[in-house]
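Chemist: One structure follows; several queries about it will come next.
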Amino acid sequence: MKVNLDRNSSGFCIGVQGTIHVAEEKLRAEIGLYSLGDVVHNEVEVKRLESLGLVTIDDQAFRELRDAPVLIRAHGEPPSTYETARANNLEVTDTTCPVVAKLQRTARQLHLLGYQVIIYGKPVHPEVIGINGHAANSAVIIKHADLSDPAETAPLDLSRKTALISQTTMDVPGFYQLKENLETLFRNAGNPQEGPWTEVRDIDITLGLTGMQPTAPHVYKDTICRQVSSRNSKLHDFALSNDCIIFVAGKKSSNGQVLYNICRDANPRSYFIEDTGDLDEGWLKEANGSPVGSVGICGATSTPMWLLEKVARHIESLER
C-alpha cells in the first residue's frame, strides 16, 4: 500500500500560518497569551498550543478580562472587539488575515456609500460576524446560493442599492450563482429592464467615497480567497488519483467540510477524521481483505502539516 501525503493543496493557508507563528513566538517568550475563540478550527492544534500556555476564552471572558495580552486570530473581529480591548487595557496582537482585513475595509466602505451589503457566507462563522461588524451589523447574510431559505432573504430591501461580497472561504461557483439569483430577484421586484450587476473595483469604491464618480445601484465584488479556492480542483484530482482518501480536519472547520465534500464527490472512498484515533483500518482494505493500492492523506486550510504527517506515519506503521 502506497501512502501519498498531499503537500501541495493541504495544510495551513498563509493567514493561519501567520497566526500560529505569532502565537508560538509569544508563548516561547513565556508571555501569557489569551486567544479570543479557538485560534484555529482544529481541536488537535488548539490543544497543542494550549499545552504551550495559550488560554482560549469566549466573548464573556474577554469582556471581563483586564490588563492582559490577547491574540486576535486570522478570522478577524468586529470593531466592538477593539473598543472593548481599549476600555479594558488589553494588549492586542492582531493576526487578522490580510485578505480578511481587506474584505472588512471593503464592507465598511460599501456601507458608508449607502449600500445594503449582502454577505455570501455562514451567519455564525467568526469571519462573517467580523465582516458584518464593519458594516455596522446591518448586512444581510445569505448562506444558500439558490435562495432556498426565505428567512435569509426576508431582511432584503429590494428597492435599495445593494452590494454583494463573500466570506473568503466560500465556493466560487456558489457566489456567482447567488449573484445571478439576486439579479433575477431584484429585476422581478422592480425594473424588468435592469441588466447584470456591476463588478466594483477598489478604485471605484475610493472614487465613490470622494464623490469623484457616481456609484452603480447594484454591484458585486468577488472577495473569495483564491489561495483557498484554488485547492478545490487540486484536491479533486488528488482524490481521483488514490484508491482511498483520509481527510484530516477539525469538525468546526467550515473549509474542512467544503474540501471533504469535494474529495468525497471525486472518490466515494473518502473518510473524515480529526486524528489517528478516528481511523478505521477497514477503510484501507479491499473487499477481499487485501490492502488498497494507494491511500491519500489530505486536509483543510486549518489542518497543520505535522498532523497530516502523523496520520501518514500511523498508516504506514499498520503494514509493519
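Numbering starts at 1 and runs along the chain as it is shown here.
Quick reminder: no glycine exception, Cβ is built from N, Cα and C everywhere.
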Chemist: For the (2E)-4-hydroxy-3-methylbut-2-enyl diphosphate site that Swiss-Prot lists with HIS41, HIS75, HIS125, THR168, SER253, SER254, ASN255, give the additional residue from the candidates SER294, SER302.
Modeler: SER302
Chemist: Given the isopentenyl diphosphate site residues HIS41, HIS75, HIS125, SER253, SER254, ASN255, SER302, which other residues of that chain have a Cβ within 8 Å of the mean position of their Cβ atoms, reported in sequence order?
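Modeler: After dropping the recorded site residues, what remains is VAL40, GLU127, THR169, GLY250, LYS252, GLY256, ALA300, THR301.
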Chemist: For the recorded [4Fe-4S] cluster site formed by CYS13, CYS97, CYS225, name the remaining residues of the chain with Cβ within 8 Å of the site's Cβ center, in chain order.
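Modeler: So the extra residues in range turn out to be ILE14, GLY15, VAL16, ALA74, VAL99, VAL100, THR168, THR169, GLN227, VAL228, THR301.
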Chemist: Out of CYS13, CYS97, GLU127, THR168, CYS225, which of these recorded positions is nearest SER302 (dimethylallyl diphosphate binding site) by C-alpha distance?
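Modeler: When the Cα distances are compared, CYS13 comes out closest.
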Chemist: Calculate the distance in Å between the alpha carbons (Cα) of HIS125 (dimethylallyl diphosphate binding site) and THR168 ((2E)-4-hydroxy-3-methylbut-2-enyl diphosphate binding site), and round it to a whole number.
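Modeler: If we compare the Cα positions of HIS125 (dimethylallyl diphosphate binding site) and THR168 ((2E)-4-hydroxy-3-methylbut-2-enyl diphosphate binding site), the gap is 11 Å.
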Chemist: Same-chain residues six or more away whose CB lies under 8 A from the CB of HIS75 (dimethylallyl diphosphate binding site)?
Modeler: GLY37, THR96, CYS97, VAL100, HIS125, PRO126, GLU127, GLY130
Chemist: How big is the Cα-to-Cα gap, in Å, between CYS13 ([4Fe-4S] cluster binding site) and HIS41 (dimethylallyl diphosphate binding site)?
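Modeler: One finds 12 Å between the Cα atoms of these residues.
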Chemist: Given THR168 ((2E)-4-hydroxy-3-methylbut-2-enyl diphosphate binding site) and CYS225 ([4Fe-4S] cluster binding site), what distance in Å do their CA atoms have, once rounded to a whole number?
Modeler: 5
